[in-house]
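Features of the protein shown, as given by Swiss-Prot:
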type	residues	note
DISULFID	Cys65-Cys77	disulfide bond
DISULFID	Cys99-Cys148	disulfide bond
DISULFID	Cys495-Cys499	disulfide bond
CARBOHYD	Asn30	N-linked glycosylation site
CARBOHYD	Asn64	N-linked glycosylation site
CARBOHYD	Asn150	N-linked glycosylation site
CARBOHYD	Asn170	N-linked glycosylation site
CARBOHYD	Asn237	N-linked glycosylation site
CARBOHYD	Asn308	N-linked glycosylation site
CARBOHYD	Asn337	N-linked glycosylation site
CARBOHYD	Asn496	N-linked glycosylation site
CARBOHYD	Asn522	N-linked glycosylation site
CARBOHYD	Asn535	N-linked glycosylation site
LIPID	Cys570	S-palmitoyl cysteine
LIPID	Cys573	S-palmitoyl cysteine
TOPO_DOM	1-542	topological domain 'Extracellular'
TOPO_DOM	564-574	topological domain 'Cytoplasmic'
TRANSMEM	543-563	transmembrane segment
Amino acid sequence: VTSNADRICTGITSSNSPHVVKTATQGEVNVTGVIPLTTTPTKSHFANLKGTQTRGKLCPNCLNCTDMDVALGRPKCMGTIPSAKVSILHEVKPVTSGCFPIMHDRTKIRQLPNLLRGYENIRLSTRNVINAETAPGGPYTVGTSGSCPNVTNGKGFFETMAWAVPKNKNKTATNPLTVEVPYICTKGEDQITVWGFHSDDETLMVILYGDSKPQKFTSSANGVTTHYVSQIGGFPNQTEDEGLKQSGRIVVDYIVQKPGKTGTIVYQRGVLLPQKVWCASGRSKVIKGSLPLIGEADCLHEKYGGLNKSKPYYTGEHAKAIGNCPIWVKTPLKLANGTKYRPPAKLLKERGFFGAIAGFLEGGWEGMIAGWHGYTSHGAHGVAVAADLKSTQEAINKITKNLNSLSELEVKNLQRLSGAMDELHNEILELDEKVDDLRADTISSQIELAVLLSNEGIINSEDEHLLALERKLKKMLGPSAVEIGNGCFETKHKCNQTCLDRIAAGTFNAGEFSLPTFDSLNITAASLNDDGLDNHTILLYYSTAASSLAVTLMIAIFIVYMVSRDNVSCSICL
């Protein structure tokens, strides 16, 4: 056989590989490309959540008013609360009301603005829930105070409560009295009813109520009952933010009445009876933040503010977030987006013991810039390289599938967190930080493992792609080439760049490249001389010679073995 044949091999690209990915079983692996899955955000201002109504202050048009002012119905802070799916808890320190001094620490009243923020739709009723003047223990005069001025700077009081001061002939001590609080909101709305009581020093208690002893109060709604006893005297003169200083104090609380449910208030003298009530429906997610809200963002994060999502995950400081947010992970994650790094392949010059060409060393092919997998030919023309775009696209599709799977995992975890947020207690709408951190650690570990397994699968699938290419190449070449191992074939014709490109495109025709211009193989058939021997005789000679040689070798090996064990001695005489 005489040949000027070329060699065609399947292979994977070889290029600089500065990237490293982590896998489940192989540890860190160098690859030709990666897709970063994480980002580390920087702090920014808070923003409106894209595509979502975002509420900053409860009443944006109520100037110089705190959310507590709005929640209690301070006369100068009456306005419309806009609907919102997201609310910003922007008041980070205990907030007072610019009205009559309140004993905030006696009740859960500080939570009232938070409670209202947790609703999508909030409105103040147009009518009073109780006629305060004719309530049990009356008749009453509805009291006002100069420390709580109205819009004309006259004396006023909170719109949500009526200060029930007994009329002159009725200023006497009384046993506990009961008033029912009816449900007056529209079906489907929660009713938030604000009430309270006033106390002062002994002298003023007698003047106002005809009784200087501590008074008892109880509220009950939805199976929750709360008891209070008023404190008499001992208060320094003060006001909340403005107005006249007061020696007295008020204690304010609220009850939440579910649709159709009636509440109950048991009271003595100094009661602040409910008046206008809050009617609220829907859910609004609450997150701690700051004002003003500038622009829009995909995500609102308690630590980083408004974020625009560029990666599915983030590293850095973990905190609560709402919106289309990346999920927190402990370490940076990268998905393999290429092939495992291989050094440039080299052709073995040596032949094996039986004369077969061993093929190419394991490695990658340089110059395969149009794809990851493909073919290379070596011959007089030099080196030709062609990428198999179909195989490369299949590999890319696998990576895309892995990326989509990771995104689905992200969405499921996000929905899990979102579901937890929706189930929070109405009053505070916050997760316990320790539980939240534990959940975040667990999710981070799940995501990290998913990425490790994805990288493992992407890298391991390279062998599948190469095997598929080898089968494809073998089928196309057919009898025009001889398989020599390691994905390589020795052709019976020349295969330059044009030939290789057609192989990569799947349009190769062996007959076209077997023309004389390609220096096809010149094979001279061996002939048998007619010496009067037939084929059977020739085969007999060959088999006899081979058998004799085998027997001779076996005897020689046996003698050498026996001599080495001193079982046979050999003397040579001259």
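Yeah, the Cβs are placed from backbone N, Cα and C, and that goes for glycine too.
Other Cβ atoms within 10 Å of the Cβ of Cys495 (disulfide bond), summed over all protein chains shown, number 28.
In the set Asn30, Asn308, Asn337, none of the glycosylation sites has a C-alpha within 10 Å of the C-alpha of Asn150 (N-linked glycosylation site). Every protein chain shown contributes to the tally, and the Cβ of Asn150 (N-linked glycosylation site) ends up with 15 other Cβ atoms within 10 Å.
According to DSSP, Asn30 (N-linked glycosylation site) sits within a strand segment. When each of the glycosylation sites Asn30, Asn170, Asn237, Asn308 is scored by how many other Cβ atoms sit within 10 Å of its Cβ, Asn237 comes out lowest.
In sequence order, Ser377, Ala384, Phe508, Phe513 are the residues of the chain that are 6 or more apart from Cys499 (disulfide bond) and have a CB within less than 8 Å of its CB.
For Asn30 (N-linked glycosylation site), the spatially nearest entry among the recorded positions Cys65, Cys148, Asn170, Cys495 is Cys495, judged by CA separation. In this view, Asn496 (N-linked glycosylation site) is surrounded by 16 other Cβ atoms within 10 Å of its Cβ, with every protein chain counted. The Cβ of Cys77 (disulfide bond) has Cys59, Cys62, Cys65, Thr66, Asp69, Val70 as same-chain neighbours under 8 Å, each 6 or more residues away in sequence. Around the Cβ of Asn64 (N-linked glycosylation site), 10 further Cβ atoms fall within 10 Å across all displayed protein chains. Of the recorded residues, Asn496 (N-linked glycosylation site) and Asn237 (N-linked glycosylation site) place their C-alpha atoms 100 Å from one another.
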